[in-house]
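Have a look at the structure below, then the notes.
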């Protein structure tokens, strides 16, 4: 794929009418920089993980956690307390070692290519807030999971799976209402033509829409997105302001911006970013297609089937002392360490195969959602929206087929456009 980025310096003839040479070159250089970064950060991650294993980092951190919890008055019999201290130290270590990479990605690569909108102060405030919120969720959930495994008896894996199912459903339900607003400002989409058109389209396919929000994604990045969430009769749609040509702060003159955005940068572009109302509706038609065709439910079912299988295999393997000994635990078999060893290391080859299968399924779902938008009469607008979004996000439309097959959860741009082309012409 890097060879494709390096050698494809001219717009291929089939892209001539949808991408100018300047945008093509910008996207090529952006993806080349991202590829270089991903290679070195990935290599570092592998070396770090290997050194932790070879040098006994996991048992060292577990013993350190035991010493800390012991000083607080919790002896070895309080395994869950020691597990929580271990988890806190491990996530803190991960956050610290990952910080330089995150800084470089945000303030060098994303900055260089015009996507970063954050200041250094905003970045660190955001990172600290994310860490605290993560711990507030992770530690209680982990402690309850470990407790269920401890008292669950022979069929503990069924109770553990049911617990994680409930937790995942609760988090999906409350994320956009209570967690996401801690980081970004969500405002109701103002009354007007776009809101009326969205409500009309939702009603036409029986989508139980209750609210439409606009999130200020431009405070951190100029990348764009849209999604829906909620269960049963309480669905909400969230649009990033960077997706909306009429609402994006990136399209405003500096004089129009309020003082609230002083913590982020003001970068006025030479040309407008985002999509027109008709194109936004086409993008939403695609997203609602995922709901109408049951893709969301299918993904949840697949995820929970996989989760159940993993917990069942965990129950089979947790009693194998040689697994713990291989990772430096000769005298104890802590439940949290068993979860780490089995889920993170033993299942690693299986997870790779599963990831590939889900990528193939995701691409199939994307084509089906495009076809659904086509049936709504949105083929022409979706066609132009995909081109705009590709340009705004500097997506490179040429890819090595093996790289694309393994990594791209969405079909390449040309394949999606070709599928829409006939309907657009009609």
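If you go along the chain as it appears here, the first residue is 1 and each next one adds 1.
Cβ from N, Cα, C; glycine included.
TrEMBL labels come from automatic prediction, so no person has curated them.
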Do you know which of 131-149, 188-206, 207-225 TrEMBL annotates as transmembrane segment?
131-149
For the transmembrane segment entry in TrEMBL, name the matching range from 5-29, 30-54, 55-79, 80-104.
80-104
Do you know which of 155-176, 375-396 TrEMBL annotates as transmembrane segment?
155-176
Tell me which of 262-284, 308-330 corresponds to the transmembrane segment entry in TrEMBL.
308-330
Applying a 10 Å Cβ distance cut-off over all chains shown, what neighbour count does residue 286 (Zn(2+) binding site) have?
24
When you measure from the Cβ of residue 287 (active site), which residues in the chain that are at least 6 apart have a Cβ under 8 Å away?
226, 227, 228, 237, 369
Model confidence over the domain 'Peptidase M48' (188-422) (mean pLDDT, whole number):
85
Same chain, not part of 286, 290, 366: whose C-beta falls within 8 angstroms of the C-beta centre of the Zn(2+) site? Give them in sequence order.
287, 289, 295, 365, 368, 369, 370, 372, 373
What residues elsewhere in the chain lie close to the transmembrane segment (336-361), defined as a C-beta under 8 angstroms and at least 6 residues from its ends?
58, 62, 83, 86-87, 142, 146, 302, 306, 310, 313-314, 317-318, 323-324, 327, 329, 405-409
Taking just the CA atoms, what is the gap between residue 370 (active site, proton donor) and residue 286 (Zn(2+) binding site) in Å?
5
